[in-house]
């Protein structure tokens, strides 16, 4: 039972294949005959209308396939487009019944008349005309021409809010030689077709509206229609946030830390200069991307403001270091500075005396209590015993001196000699005590100036931290 069925199937397939070859041969035969008949007396140099006063309508449709490049510095947009143009040719019509029902043929586009629709705002030296692909010719004279094209168009780039900016680039198409009384252009859709758009890594597409414009130029009185497609782009800012903005914010927070660095380390100015150089490198990177225009980008403004803060912090650091290294030759701390800086600001900013351990509040409380009593801790803890010891020592010294003078008093010359020696010794001791007192006074003066410098350092550190934080919040808010 399977053999007859298999033979029947095989015969049917062979018959269908032979019939298809016959149809294709017949279609090819009629297509060749139709081609010869249509183009026997046809010329593609003239506008295909029966009446020269009649307007030829061209329907234009643009499909955006890909954004190949957006050169902000040179303000050039490179895009890959599919361009569809539809028009009627009055000399390319036929009766389908005479050609075995053949309704469409595909022929090279250079054989038929084509509208000279070009991109008005192209920015390249080379020709950006569509590729010479085939056109689809219908029996009623309707011609459909689909062709790909890579266009480079000029685009006015506004980088005021870079890298959080939006751009609008225009693609204006129109006839180069025919005016609106000869060739008129219409939109196939209200906007460009984005159904086949390949997602770009840097830009988001938010629309491509199309508008028809009729312009009368100063050279000619005839109207010239064109269609302008506005490509609305929004930049994806993640790349620039990670590579330009976050490093800048982190580096800018290092500038206030130069005030926290001890002046004795000798690295305060070096830190400020290093941070300034780092910010300069980032500023140059942004300048290489942006066009040379008067509109400074938002991130560029942030860099300039941060560099100004770093420069100011470095200058203030040098002034504070001069205050820190005020020695014995400096004048005493003014009274207003003692009250404002040493008394109030030091407590507000939690700045302690040089050598004081801020981590031991018990020690500081005891020291303040002892200073109020006017006594040292050891003297307060062992006051009576030390007082008795001092009195006994004085008595012993006086007794020794009296005994010494008494034993030596038998010889008046020797007594006078000993008296002179004791007077010289007393003068030397008084001189040493005075020098020690002056030394302590000078040290106390230098310690006061160091504390003043430390308080000023701490004050500017918080001020600059607040300013850097405020600028960072401001740039994020504007984004």
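One-based numbering along the chain as shown.
Keep in mind that glycine also has a Cβ here, set from the backbone N, Cα and C atoms.
Caution: TrEMBL annotation is automatic and unverified by curators.
Segment annotation: TrEMBL labels region 'Disordered' over residues 361-393 (candidates 328-360, 361-393, 394-426). Residues 239-262 are the range that TrEMBL records as transmembrane segment, among 215-238, 239-262. Note: the stretches the transmembrane segment (459-477) and the transmembrane segment (239-262) are in contact (3+ CB pairs below 8 A, sequence gap of 6 or more). Tertiary proximity for the transmembrane segment (302-321) is limited to same-chain residues at least six positions away from its ends with a CB under 8 Å from its CB atoms, namely 245, 248, 251-252, 255-256, 258-259, 263, 268-269, 272-273, 275-276, 279-280, 282-283, 286, 296, 453, 456-457, 460, 464, 467-468, 471, 475.
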